[in-house]
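Enquirer: Sharing the record's features from Swiss-Prot:
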type	residues	note
COMPBIAS	1-29	compositional bias 'Polar residues'
REGION	1-39	region 'Disordered'
CARBOHYD	30	N-linked glycosylation site
TRANSMEM	50-70	transmembrane segment
TRANSMEM	89-109	transmembrane segment
TRANSMEM	116-136	transmembrane segment
TRANSMEM	159-179	transmembrane segment
TRANSMEM	193-213	transmembrane segment
TRANSMEM	232-252	transmembrane segment
TRANSMEM	335-355	transmembrane segment
TRANSMEM	426-446	transmembrane segment
TRANSMEM	459-479	transmembrane segment
TRANSMEM	488-508	transmembrane segment
CARBOHYD	515	N-linked glycosylation site
TRANSMEM	539-559	transmembrane segment
């Protein structure tokens with residue numbers, strides 16, 4: 001008996017060692033499986049993020065079609081016999097619809113998601129351009145069939161305006177979905193400026209390639225076989241099909257990866273910076289833990305984890321929206337954006353008719369040395385180059401905070417001691433560049449010298465593009481990425497007022513000049529539709545130049561003024 005006891009003890013130890021070995025083996029296997037699972041999940045997330053990035057850029061490359069309005073604006077005058085006021089009414093409808101709903105679109109984007117916006121944008125694009133094609137075709141055929149008497153075109157204006165309202169809202173939806181996906185998916189990286197600038201750049205490229213496609217692929221054929229004017233009907237049908245497909249593409253590919261983690265990080269940083277009181281959020285969580293059995297059972301049926309996550313997200317986003325609106329520096333920043341972008345929008349909308357005022361009617365044959373398509377392309381090239389250039393340059397030279405959330409007085413956002421240039425300085429520089437382009441036009445330097453007009457379209461395009469790239473980037477850096485679409489939407493809706501105001505001012509100036517110059521073709525009963533000379537545009541662009549200078553002053557005040565970003569320690 002005594003000899004068997006040590007044997008039993010030894011056997012027990014062997015069994016324990018084997019169990020321990022097996023447990024360690026199982027634990028090791030579990031750790032390996034867990035690591036492999038994490039790696040696989042990270043790869044899947046990277047693939048989704050990359051697909052969303054590529055899709056966002058493709059969509060942005062196609063959805064800037066509203067900017068090529070000046071390509072066919074002269075044909076609305078010559079073919080549909082619209083006055084300058086009527087042409088601008090159509091242009092203003094599109095511009096207002098592009099900017100005015102952007103705050104609501106941004107709100108939906110942050111709280112509902114990207115897919116509904118993409119689908120809505122695709123449907124509205126197809127409907128808008130389809131309606132515009134039908135209206136243009138019907139009225140054009142009526143004028144061709146009855147050239148001997150005046151056709152009533154009053155019925156067409158409301159329908160054409162409605163079609164461009166659809167196009168404007170669709171542009172807003174797809175643009176916000178594309179830019180927001182990049183802002184939220186790449187908000188942590190050192191090169192977030194480049195990631196955000198890429199879809200914005202593609203949006204700037206859009207009018208360039210679309211204008212060239214229109215003038216090369218969708219033109220009428222003259223009796224001698226040469227290319228004639230743009231075939232607006234076919235061009236509208238092409239845009240309807242292209243943009244509708246972009247909406248479908250975005251519906252299936254645009255996603256924000258790890259949005260829940262983004263919200264949790266935002267809560268933590270906001271509480272640390274003192275910008276947010278988490279007591280109400282904690283109270284909500286404690287109530288869910290202290291629920292009765294009956295409440296727990298009912299909540300389980302409603303999936304309380306999802307309900308709490310959604311409530312928490314909305315709570316944080318609403319708190320950030322209130323903080324954004326209460327920030328006194330936001331208002332001069334938004335007003336500066338309005339005063340800069342308004343003149344830029346009015347310029348591109350009226351580019352075609354401006355070119356027509358530069359050359360005397362008796363030299364009409366020589367006017368083909370420059371065209372609206374050429375300058376839409378020049379505007380597009382400089383617009384695009386400045387967007388991608390400013391995104392890259394600010395990543396390399398501008399200071400950057402080590403956070404993707406709202407910057408507060410206590411935010412720990414250390415910055416390197418390397419040489420840096422503030423993004424505000426870049427914004428002021430490019431706004432001044434835009435004002436120089438407007439000044440050249442206002443001064444009459446290009447009058448009777450249409451070959452010099454590239455200076456105007458190039459400078460305005462470069463300034464306009466840089467401002468549109470820097471503004472959303474500064475919104476993400478100062479006020480965070482999680483509520484980006486809402487915050488940027490509140491600022492982005494303001495240019496609707498600027499575009500409308502300057503469009504009306506230009507129309508009044510142009511029409512007044514037309515009444516004086518009587519520059520229409522001889523024997524025409526439409527002499528008052530066309531204008532030639534500095535009086536057609538100079539007063540408008542002198543005023544626009546001054547407003548851009550005022551905007552630069554507002555930017556500098558928001559940066560260096562009392563209670564400005566510099567005094568508050570905000571890295572920008």
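Placed from the backbone N, Cα and C atoms, the Cβ positions cover glycine too.
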Enquirer: Is it possible to get the count of other C-beta atoms within 10 angstroms of the C-beta of residue 515 (N-linked glycosylation site)?
Expert: 11
Enquirer: Between 116-136, 159-179, 232-252, 459-479, 488-508, who has the most Cβ pairs under 8 Å to the transmembrane segment (193-213)?
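Expert: Looking at each of 116-136, 159-179, 232-252, 459-479, 488-508 in turn, the most contacts to the transmembrane segment (193-213) are made by 459-479.
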Enquirer: What same-chain residues lie close to the transmembrane segment (335-355): Cβ under 8 Å, and 6 or more beyond its ends?
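Expert: Here the qualifying positions are 67, 69-74, 77, 84, 87-88, 91-92, 95, 207, 367, 370-372, 375-376, 379, 431, 434, 438, 441, 450, 453, 457, 460, 463-464, 467-468, 471, 491-492, 494-495, 497-499, 501-503, 505-506, 510, 536-537, 540-541, 544-545, 547-548, 550-552, 554-555, 558.
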Enquirer: Using a threshold of three or more Cβ pairs below 8 Å, and leaving out pairs closer than 6 in sequence, do the transmembrane segment (50-70) and the transmembrane segment (159-179) count as in contact?
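Expert: Contact between the transmembrane segment (50-70) and the transmembrane segment (159-179): present, because at least 3 Cβ pairs are under 8 Å.
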Enquirer: Does the transmembrane segment (488-508) come near the transmembrane segment (539-559), with 3+ Cβ pairs under 8 Å (pairs 6 or more apart)?
Expert: yes
Enquirer: Flag the pair the transmembrane segment (50-70) / the transmembrane segment (232-252) as in contact if three or more Cβ pairs fall under 8 Å (sequence separation 6 or more).
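Expert: By the criterion, they touch.
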Enquirer: Need a quick answer: max count of Cβ pairs under 8 Å to the transmembrane segment (426-446), which of 89-109, 232-252, 539-559 is it?
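Expert: Top-ranked stretch among 89-109, 232-252, 539-559: 539-559.
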